[in-house]
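Colleague: Quick one: the structure is below, questions incoming.
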Amino acid sequence: MAASIAKRALKFEVLAECSKSKARTSKISLVHATVDAPVFMPVGTQGTLKGMLPEQLKQLGCQIMLGNTYHLGNRPGPEILDEVGGLHKFMDWDRALLTDSGGFQMVSLLKLAEITEEGVEFEAPHDGSKLLLTPEKSIEIQNAIGADIIMQLDDVVHTLTTGHRVEEAMHRTIRWLDRCIAAHKKPELQNLFPIVQGGLNPELRKQCAQELIKRDVNGFAIGGLSGGEEKSAFWRMVSTSTDVLPKEKPRYLMGVGFALDLVVCVALGCDMFDCVFPTRTARFGCALVSTGQLQLKKTEFKSDFRPIDENCECSTCKKYTRAYLHTIAAHEAVAASLITVHNVCFMLNLMKSIRESILVDKFPEFVQNFMSVRFPTGEYPSWAIEALSSVNIQLSPPSST
Amino acid sequence: MALPYRLRSITKPFEPALEHLNRCTMRFTVQQVRNGCRLGSLTDLGPQPLATPLWMMYTLQGSAPYLTSDVLSKISDTPSVMIVPNGHVSEHYDAIQKYNKGIAAFASLPEKLVFASMQDPGVATPTGFNTNKGVAVWGRPGKTEMTVEMHTRLTEALRPCVYQAMFDGDTPKDASNKRMKKSVDRSIQFLDLCLEEKKKSEVLRDVPMFAGIVGGYNKYERARFAKEVSKRDVSGYSIEGFHHNGSKVEELKISEISDLLQISLNELSEDKPRVFTGALPPHSLLAAIKLGLDIFDLSYPYVVGERGSALTFNYVFDAQTQEQELSHSVEGEEGPYEMCLKHKRFARDFGPLKQGCECYTCVHHSRAYVHHLLEVSELLAPILLTIHNMQHYIGFTQQIHKCLRDDSFDQLQMLIESQRTLKG
Ligand SMILES: [Zn+2]
Ligand SMILES: [Zn+2]
């Protein structure tokens, strides 16, 4: 199978399109796995997904996960990853991987990051020495990690920044893309995705996307969103970007993974999503369910002998009660593993349902149903109503069954 | 058409298999005594007879440390019995009691038998908190002062196959004679109250109760207590008062307690099982078996994993692997039977934790990867270490059985001793 796609590290095949909205379901064939999209990618920041064996992830049907270049570049570092033959081997994960560029992590984690034309300059957290992450360096590390999809280094500005800085960042992102493409040493194995920037300015977004699509790449990411901006601006930026991006290439919306955002952004034409939320929140005893979340530490679960979700097929729901999880949620490490398994399963199931509904052209009905379950009183967020109606999905109040 | 995604009502509770929770009266037979080592069999406790020496799985709040029941099943031959310390579960008495199927089923390990213990063998027990009314037991939220009444109610809810009577085993090596006398006086009192409660309790009436054998490091008190116990109707003995659990037990010298232990055993019936809990390193474990002790637990591999170490000692008579493994130098807090994967020297070591080990961790992962996970404090590190350490120690216990049967126990002791002196 690997041989047939050797010439191209990514093959994208749209299986069905929603007749109303921009939603589509597709197959993304990568070197290590064929990924069914729309897809949610769980985040395994440091070469492991919080308390889960890679085998458990596979059992849940996970086809692709994320690693963070900033963290992996620090530890274990590119030399060790090169020596062992990449992150796949290092962590015993034989399916697909995606890495970010490291730039976002740097700007958000390190206060002292300074951005110049050369790259992102920062102080090393352990010894304070000055380091520089250039587009070339980011690609070099990502080449060593060896993920199926890698990201260009982009000039990240805070979502709420306005004015000249946003425009500067957008242009620099395009210049850096060309440096990344030139530095990329494994195009036959790894796909470099450019990132659409442009803040909350639709003109800049459009301009950026139009420039990016001139490059010979296999897919695109939409970045710089999900940073605390107004939801009404958020969805418009997503939709503006997908309008420009070509239909025959996958679109990855970075850092978005709340169930509602995900359903809406599938309608707006996005194919790939990632978010730390489902795994991070598990550590605090929070389980995801179709109606929202269960805070298992709460005393209401003290003698609730039901599973988190009776219809869930995950190993946690098959064996464990809410009551038992309540007793360990705050104390035992094993609770984090158990709830993580469920939360990842929940996200993967959500995506599966989305895909199945698009395949039979029932996606609008799926969305209606999803919203009725999540908002039983019918008080849908106005931004979601707007976003969905922009792609011809009109929500009606929940039926009283 | 049915939509693929919808809310369905959630109502069905779990119905685990519970046959073994039916009343049972334990029988213990010593089948062989050689050089002090006993081979025996416990019957009528669970569905299968249990061979002694027996090891109980160590647990935290009813689960194997760090392992979901799914991951636990990747370890072969895990013990049939798990030890559940009172302090871990006392806080959740209400829920466990209401669940009504015992702690094993509550913690999703319905096939395991439960040994309900007072203290946690894997964590140091704070000293100086017991009173005439009760014994301090410890869990994640801290101290619970356990009275006999509470102890009885909690034990009923846990549905154990065996449980410890309440005792005051708080007798550090340097404890005064007064403290040791107090420990004995109180423990006799607690034992009598527990026996009374047992008779009254419909649930516990037929569940075997083991007496905690105390007396600290005082010969007279050891004899006095054991004599009292011998007059009473208990099903087995739990040897207590020699240590305070946790990693300090690794330093316990079995030779220093053997005379005192013998004083206790002299007064007690030979055909009852003897429990000795605590994180015993291999040489101590073998010495304890030689003193005629029968039942132990797996807190040692837990304690080793907690410091980021993997067990690597050899228990198979195979000179080649032995030489290979012994060649590395010991660093830092590393004990003689382990390698601490926190050390930099493992950063680019892509071999398995132990050459030839067939555990899940060693088949799938490298020392370098576990080192990395420890470096970045990822939860998968203790998971992978627990899998390997438990599997390795279980292999050791199987080898002990083999050696007891084919009369090569002394050789095994020498093999272990050679590794201890070489590195330690
Ligand atoms: Zn589940
Ligand atoms: Zn192993």
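Cβ from N, Cα, C; glycine included.
Take a look at what TrEMBL says about it:
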DOMAIN    A:21-373  domain 'tRNA-guanine(15) transglycosylase-like'
ACT_SITE  A:Asp100  active site, proton acceptor
BINDING   A:Asp100, A:Ser101, A:Gly102, A:Gly103, A:Phe104, A:Asp154, A:Gln197, A:Gly224  substrate binding site
REGION    A:255-261  region 'RNA binding'
ACT_SITE  A:Asp274  active site, nucleophile
REGION    A:279-283  region 'RNA binding'
BINDING   A:Cys312, A:Cys314, A:Cys317, A:His342  Zn(2+) binding site
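Walk me through the surroundings of each of these features.
Modeller: The number of other CB atoms found within 10 A of the CB of A:Asp100 (active site, proton acceptor), across every protein chain shown, is 30.
A mean pLDDT of 96 is what the model gives for the region 'RNA binding' (A:255-261).
Residue environment of A:Asp274 (active site, nucleophile) contains 21 other Cβ atoms, counted within 10 Å of its Cβ in all protein chains.
A Cβ distance under 8 Å defines the sequence-distant neighbours of the region 'RNA binding' (A:279-283), meaning residues of its chain 6+ beyond its ends; these are 42-43, 49-50, 293, 336, 339-340, 342-344.
Around A:Cys312 (Zn(2+) binding site), the same-chain residues at least 6 positions away in sequence with a Cβ under 8 Å from its Cβ are A:His342, A:Cys345, A:Phe346, A:Asn349.
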Colleague: Compute the C-alpha separation of A:Asp100 (active site, proton acceptor) from A:Asp154 (substrate binding site), stating it in Å without decimals.
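Modeller: So the Cα of A:Asp154 (substrate binding site) lies 10 Å away from that of A:Asp100 (active site, proton acceptor).
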Colleague: Note the Cβ centroid of A:Asp100, A:Ser101, A:Gly102, A:Gly103, A:Phe104, A:Asp154, A:Gln197, A:Gly224, the recorded substrate site, then list each other residue of that chain whose Cβ lies within 8 Å of it, in sequence.
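Modeller: What remains near the Cβ centre is A:Val107, A:Met151, A:Gln152, A:Leu153, A:Asp155, A:Val156, A:Ile195, A:Gly223, A:Met254.
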Colleague: Spatially speaking, which of the recorded positions A:Asp274, A:Cys314, A:Cys317 is closest to A:Ser101 (substrate binding site)? Use C-alpha to C-alpha, please.
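Modeller: Sorting the recorded positions by distance from A:Ser101 (substrate binding site), the top entry is A:Asp274.
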Colleague: Around the Zn(2+) site (A:Cys312, A:Cys314, A:Cys317, A:His342), what further same-chain residues have their C-beta within 8 angstroms of the site's C-beta centre?
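Modeller: Sorted by sequence, the hits are A:Pro307, A:Ile308, A:Asp309, A:Glu313, A:Ser315, A:Thr316, A:Lys318, A:Val341, A:Cys345, A:Phe346.
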Colleague: Please work out which residue of A:Gly102, A:Gly103 has the most C-beta neighbours within 10 angstroms of its C-beta, and give that one of the binding-site residues.
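Modeller: Checking each of A:Gly102, A:Gly103, the winner is A:Gly103.
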Colleague: Consider the recorded positions A:Asp274, A:Cys314, A:Cys317 and say which one has the Cα lying nearest the Cα of A:Gly102 (substrate binding site).
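Modeller: So, spelling it out, the nearest of the recorded positions is A:Asp274.
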Colleague: If you count Cβ atoms within 10 Å of the Cβ of A:Ser101 (substrate binding site), leaving out that atom itself, what do you get?
Modeller: 31
Colleague: Ligand 1 is in the model; which of the recorded positions A:Ser101, A:Gly102, A:Asp154, A:Gln197, A:Gly224, A:Asp274 have a C-beta less than 6 angstroms from one of its atoms?
Modeller: none
Colleague: Between the Cα atoms of A:Cys317 (Zn(2+) binding site) and A:Gly224 (substrate binding site), find the distance and write it as a whole number of Å.
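Modeller: The Cα atom of A:Cys317 (Zn(2+) binding site) is 36 Å away from the Cα atom of A:Gly224 (substrate binding site).
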